[in-house]
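Engineer: Just dropping this structure here.
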Amino acid sequence: MYPFGRGSKRLIPYLLLLIPLLLYVVFYAGPSVMTVIYSFTDMKNVPGTEVNFVGLDNYKSLLFSGNSSERWASIGRSLYFMFVVTILQNGIALLVAVVLNQRLKGDKAYRAIFFLPVVLGVAVVSLIWSLMFDPISGPVQQLYSVFGYKDTFFGSFTHAFNYIIFVQIWMYMGYSMLIFLAGLQSVPRDLYEAGHIDGTSRWQAFRSITFPLIAPSFTVNMLLSIIGAMQTFDIILATTDGNFNTRTMAYDVYKETFRGSLDMGLPAALSVLQFLVVLVFVVVAVKQMRQREVEY
Amino acid sequence: MLKRLSALLLASSLVVGLTACGGSEKSADSGSNQSGGKKVIKMLHWKQSNINTVLEDINKQFEEKYPEYKIEYITTGPDDEYKQASRTRITAGDVDIFADLSGMRLSPKEWTPGAKVPDWQQWIDSGLIADLTGQDFIKNYVPSDIEQAGTYNGKVYGIPTGKVVMSGIFYNKDIFAKYGLEVPTTWSEFIKLNDTLKENGVTPIGMAGKDVWPLKLPAFGLQAHILGGGDQEKFIEGVWKGTSKFTDPDAVEVLEKMKTIQDEYTMDGFMGVDYGTIPSYFATGKVAMMPNGSWEAPTVAAANADLNFGYFPIPATENADVNKALVGKYDMTWYVAEKGKNKEGAIKWLEFFSEPDIYAQFVKAAGFLPTMPDVKTDSKFFDEEVMPYMDGFQLAYEILMINRENVGEHLAAEGVHTEYLAPGGEFKTAKELAEVQQKEWDSAAPKQ
Amino acid sequence: MKRSKSVNLLSYSLVAILLILYVVPLLFVFNVSFKSFNDYLLDPLGIVQNFNFSNYTEAWKQGSFSNYFVNSVLYTGTSTVFTILISLFAAFPIARGYVKWGGLIYFFFIMSQFLPNPMVSQFKLMLFFKDHLPFMGYDSQIGYILLKTSGTGVVFMMFVGYIKSISRDLDEAAGMDGCGYSRFLLQIALPLMKPIIATGVILTAIATWNDFVGPIMYLSSPGNWPITAGLKEFKGQYGNNWPLLACGITIVAAPLIVLYVFIQKYIVDGALDGAVKS
């Protein structure tokens, strides 16, 4: 049992645990709960105004008022973002991880480079791609014009959102890749050797040997990208600022909190809606993954 | 080796942490309004280099004259970022004097049930803005300007520092001369001029679509002269009362003319170009014309001192007499925060700013038309290019429009939103956009 | 394991394509950063001929980076160290079962990943602190550091997984020798967790150093702004002067890249184990 003494000494782990707990409750969990409460009030971002409970009014005005079609569009865009990012990012990352796991020459350098965008951060990455995607003098435009194609990139209603998705995947692919690699490295090599001698095909080997073993990293990656994609707004803020059909739920929360009307109840309600959507997908994803892990 | 390195790293970051804690006590101090025995005035403004420079200079003069004060001049990015910063700070009581992007926009009327209440009005109603009524320096300004842009419920709250013109087009005189072109006074002359430029391989117009709002500037000219048969206030009241619609021929005409400009004569890829880039295109002769606000004249001149450029109002209609009136707004307006730490200092500063010779320094550098009588701007650009068109000056649609709460994105921010037109946007024709606008307007009506 | 040639070729071509996608943008920015504005306008893509090193001093000055740099080092250093320490305080007893209801607390902490966005009330909270505990409220450095410090996020999750893989015998032996709990954590457990700590350090440092949204919301005095504010300063004013902005990008990115180069070995050597195991 607890090997570090008895009596009052037994309390030390509790005391130390209290620090993160307190920080968490004060700065995170507490405000989260308060947000739920605010979502039922008409609180304004103006000191000294009175606060009343308004029931579901904020939710009604979000989902069933003049501009709620835009809310639905934001929700739809969030889901699209989530699906595309989760599938492509993890698909590419898994492929790259499997490839790098074959001990290619210089594999460590490649890994380091693919992870680099995570280190650079959103502000820097967005600026880099704004420069690459400059519609007049950017290199990508020059490349396009070879094929006689033109685009306005982050200023295009039809493509801006996809370019943002591209940047998001470019940025976080390395992160998913590392998690897959960590999983792959836990697969003993002799398992493959055995499989190879048996004459199993590569794909069969992957399906029956590798995949079950990396299933946990798969779960982690899925959850991280679902949650991450649903909560991303900084990249949108830094590239299009929500213009050109690129608003998502997460962006709307930020926008309504700090730049919309002075109403605080509305963004609070929006936060709660966002939470509900994330919750649904996380629960579904976890269920799916669990089944898979059991299956093998 | 690595063991030592990581130990070193951890140790050094710990040291940084410790010294940091020492440092932050000092800065927590600056939260109070004392700094070396001086009373701090916190002033908030957005980045606009010509105005920033002159204000820093005025602040220095103020600190020399009143050594008991120290001004903390804080600037943030323009537009939305500024909106966010000013809101946050006013809410936090963390500012003494701040600028708003324009004079007071119109507040709801009795015929606008369920209208959006502008921020400034909510702030005043909640007692966050200082009442300046009766201050002596207000007399220095043109009474009608204070009345129109700084007065609410009979009390003065804001000081509009100048007017700007928004509906004009900068043009490169050398390019015009080269092809024998003259300043157009009617829409068809304007179209002909654009065609001539195009035939000669010159890109006629540079505009910044990525920030969206610059597209509103030429549209303001079109709206003022076309909507309601040249009376846009009639149109605005009409859409509230149901006597006019966004699908009326006049409203569609505005959209169509903008579409023509965007599709036919504006440089390729303009929807991806940001506002800061456009003046360099104009100044280097890559485009012949640039619809932009009068405030951009100093920037253009700075970008290319040798450039020979002029300014004309966008000719909205076939009637040259109507077309020549420019459209604009009251720009940067000062408000004093009631709940700041140094309201008295802020008023003192405003009084200093309002001395005619100080104000003159400001207005010259800012490129505004003065709101003080008898102040000369000494600007050749204003005297020759803008003043001839100032008779019948009108306020822009975005100032006059009273919007509905929760109105859809194709009408939000009191805009025309021609960015939604093809090829950039989804609407192939002006009519389609207009129909969506009217639909959004109707569905934002308060439920009975 | 033997690989067929075609698989080899495929593998290398995939890596090659990705390398182009990942390296070219960075080189491009670096290249632009040395051009004069005029050179850039005339030929944005060409390889730089005349190196304008003065761009960097110019950018450093115009972005007021020297003011912001110190702040960023402060925020990043403290929030990283605190995050590592308190994540350990949280993860160790839970992973070992030294506290009651460990599983419940673990779940409670993990929820931080998808609780309703607390932005709205965090802002209110910081304003409240400003009035009552100004040293840690809105627009205070300590308040911002506390906001960026968390013992319950991804680092905590990775720690729990990793600690489970450390043998319990160590605890027993140390306890037998009379070593106290906190001493054990700092002197024995912490050094053993080096790879996972390296990962924790880089992830936390990234989150704080590159944060450009938090400072806009919670730090209003220029004296408190971090390095990303310097970048913003460019965007507002010199947005069109790409060479200077490219310098700004390089200046902001360089310190973390250096840190990354030093500790990336740990990260790629399977340090993310923890995340997978938990």
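In case you wondered, yes, glycine gets a Cβ from its N, Cα and C as well.
Annotations in TrEMBL come from automatic prediction, not curation.
Below, the features straight out of TrEMBL:
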- A:12-40: transmembrane segment (TRANSMEM)
- A:75-285: domain 'ABC transmembrane type-1' (DOMAIN)
- A:79-100: transmembrane segment (TRANSMEM)
- A:112-132: transmembrane segment (TRANSMEM)
- A:160-184: transmembrane segment (TRANSMEM)
- A:205-227: transmembrane segment (TRANSMEM)
- A:264-286: transmembrane segment (TRANSMEM)
Engineer: Given the cut-off of 8 Å on Cβ pairs that are 6 or more apart in sequence, determine whether the transmembrane segment (A:160-184) and the transmembrane segment (A:79-100) share at least 3 such pairs.
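Structural biologist: Yes; at least 3 Cβ pairs under 8 Å.
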Engineer: Hey, which of A:12-40, A:79-100, A:112-132 has the most Cβ-Cβ pairs under 8 Å against the transmembrane segment (A:205-227)?
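Structural biologist: Answer is A:79-100, with the largest number of Cβ pairs below 8 Å.
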Engineer: Which sequence positions outside the transmembrane segment (A:112-132), separated from its termini by at least 6 residues, show Cβ-Cβ distances below 8 Å to it?
Structural biologist: 96, 138-140, 154, 163, 167, 170-175, 177-178, 234-235, 238-239
Engineer: Using Cβ atoms and a strict cutoff of less than 8 Å, what residues sit near the transmembrane segment (A:79-100) while being 6 or more residues removed from its termini?
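Structural biologist: Contacts with the transmembrane segment (A:79-100): 107, 110-111, 114, 161, 165, 168-169, 172-181, 184, 206, 210, 218, 221-222, 225-226, 228-230, 232, 248, 277, 281.
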